[in-house]
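Working notes for the structure below.
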Amino acid sequence: MINKNISFVCAVVVSVVLVEIFNSTKPKHPYAGLNIEQLVTKYEYPIEKHEVETDDGYILSIHRIPHGPEKTPTKRTPVLFMHGFTQSATDFINLGPNKALSFLLVDKGYDVWLGNARGTTWSRKHKFLNPNKDKQFWDYSLDEIGYYDVPAFIDYISEVTGADSLHYVGYSQGTTVFFILGSDKPEYMKKIKLMTALAPAMFLKDPAGPVGVLIRFRMIMDWFLDIFNFLDVLSENSFISSYLRHICNEHSLFVELCLHHTFLLHGYSYEQINKTELSVLYSNTPAGASPRQVKHIAQLIDSGVFSRYDFGKEENLRKYGQKRPPAYDVLKVNAPIALYYSSNDWVINVKNVEKISRTLPNVVKSYKVPLEAFNHNDFIYAKNVVDLLYAEVVNEILKY
Ligand SMILES: *[C@@H]1O[C@H](CO)[C@@H](O)[C@H](O)[C@H]1NC(C)=O
C-alpha cells in the first residue's frame with residue numbers, strides 16, 4: 001500500500017517536472033532575457049551608460065536615454081529616475097515606448113537618466129571593495145543611498161548637461177532616498193524643479209497584507225540574516241531570483257504562484273498585470289539589496305518613524321550620540337513634490353500618504369489613482385498605467 005502511494009507521488013512529481021521542462025521550451029516573449037541596453041536598443045531609442053563615483057568610493061552606473069529615435073537639437077531638461085527596492089533602472093523601461101514613463105518623457109523632450117542604486121546589478125563596483133568577497137561593501141542601509149548615491153547622480157548630470165536644475169521621479173524606495181537627501185543635504189532641494197513621488201515611502205506603519213503581521217517577527221528575520229552572514233540578498237543571480245525568473249512566465253505551471261507571492265506583498269489584485277509580459281518584467285528583477293537595507297525597511301515599518309538605521313543602543317550612542325536613531329528632519333525637504341498613491345497599495349497605506357502630505361512643507365499635488373484595484377506594483381507595470389496615472393504625471397511635470 002505504502003509502496004503504491006510512493007509510486008503515485010513519484011509519478012505525479014515526475015510528470016509535473018516533465019511538463020514544466022516542456023513548457024520552458026515554449027516561445028516566451030521575444031524580449032525575455034534581454035538587459036536594459038539590449039531592450040532600449042530593440043525599442044530603437046539611444047541608450048548610454050555612465051559611471052559615477054560616490055564620495056565613499058562606490059562606482060555606480062546610470063543609464064541615459066538622451067533623446068528619441070530621431071536626434072533633435074533642442075535643449076532638453078534632465079529627469080533623474082530612482083527605482084524601488086531590489087529593482088533597477090530596467091524597471092522604468094520594461095513597459096516600452098508609449099507606455100513606460102521614461103519613454104513618455106523622452107518623447108516630450110526630456111533627457112532621461114535612470115539611476116542604479118549601490119549593490120544592484122549595474123552598480124556592484126567600488127574603488128577598492130569587492131562585492132563578491134568584502135562584507136564591508138554591503139555595510140549600507142537606505143541612509144547611504146540617499147546621502148551618497150542620489151547627490152552623486154545629480155552632480156554628475158549637472159556636470160554633463162550644464163543644467164542647474166532637473167526633475168526627479170522616484171518610485172517607492174526611490175522616494176525614500178530623496179527624502180533622506182533633502183533632510184541631510186537640503187542645498188540640493190533648490191536644484192529640483194519638481195519631485196514626482198510614485199507610491200511615496202516615508203512613513204511605513206501598518207502595511208496591509210502579510211507584511212503587517214510578519215513585521216512582529218522581524219527579530220527572527222534579523223537573526224536569520226545575521227547567522228547566515230549573507231553578503232547581499234535577492235541579487236540577480238541568487239537562487240530566489242532564478243526561481244522567480246523560472247516561474248514568472250505565462251507558460252509555467254506555477255505562474256499563479258508567481259502572481260500570488262509577489263502580489264501578496266504589493267496588494268492583492270493582479271487585474272492590471274499582463275501575463276504575456278511577466279517574463280520580460282522578471283528578466284532583470286530582483287536586482288539585489290544589502291541585508292542592512294532590508295533591516296532598515298523593517299525598522300521603518302515597525303516604528304512608523306522616518307529615521308536613520310538603528311544599530312542598537314551602544315552603536316547608536318557611538319554613531320549618533322543618542323540611544324535611538326535620530327528621525328530625519330523632513331521639514332527641510334522643501335522642493336515642490338507631487339504625491340501619487342492608491343488605495344489598494346499594501347506597502348504604502350493611504351493614511352501614511354496623508355501624513356506625508358501634512359508633514360512636508362511643499363506638496364503641490366496629491367493624486368489618488370482612480371482604480372480601487374491598483375496596487376503597489378501597478379505604479380510601474382499596470383496595463384492601463386498611462387490612462388490611470390502617467391497622463392496625469394506628465395501633465396504635472398510639463399508645468400515646471
Ligand atoms: C500584453 O502584452 C502583449 C505582449 O507585449 C501585447 O501584445 C498585448 O497587447 C498586451 N495586452 C494588453 C491588454 O496590454
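Placement of Cβ uses the backbone N, Cα and C atoms for every residue, glycine included.
Tertiary proximity for the signal peptide (1-27) is limited to same-chain residues at least six positions away from its ends with a CB under 8 Å from its CB atoms, namely 246, 251-254. The signal peptide annotation in TrEMBL covers 1-27.
What TrEMBL lists as domain 'AB hydrolase-1' is 78-379. Per-residue confidence over the domain 'AB hydrolase-1' (78-379) averages 93 (mean pLDDT, predicted model).
The Cβ neighbour count for Ser172 (active site, nucleophile), using a 10 Å radius over every protein chain in view, is 24. In the three-state DSSP reading, Ser172 (active site, nucleophile) counts as coil. The active site, nucleophile annotation in TrEMBL covers Ser172.
Cβ neighbours of Asp345 (active site, charge relay system) (same chain, under 8 Å, six or more residues apart in sequence): Ala199, His266, Gly267, Phe374, Asn375, His376, Phe379. According to TrEMBL, the active site, charge relay system annotation covers Asp345 (among others).
Residue density at His376 (active site, charge relay system): 28 other Cβ atoms are found within 10 A of its Cβ, drawing on all protein chains shown. Residues or ranges marked as active site, charge relay system by TrEMBL: His376 (among others).
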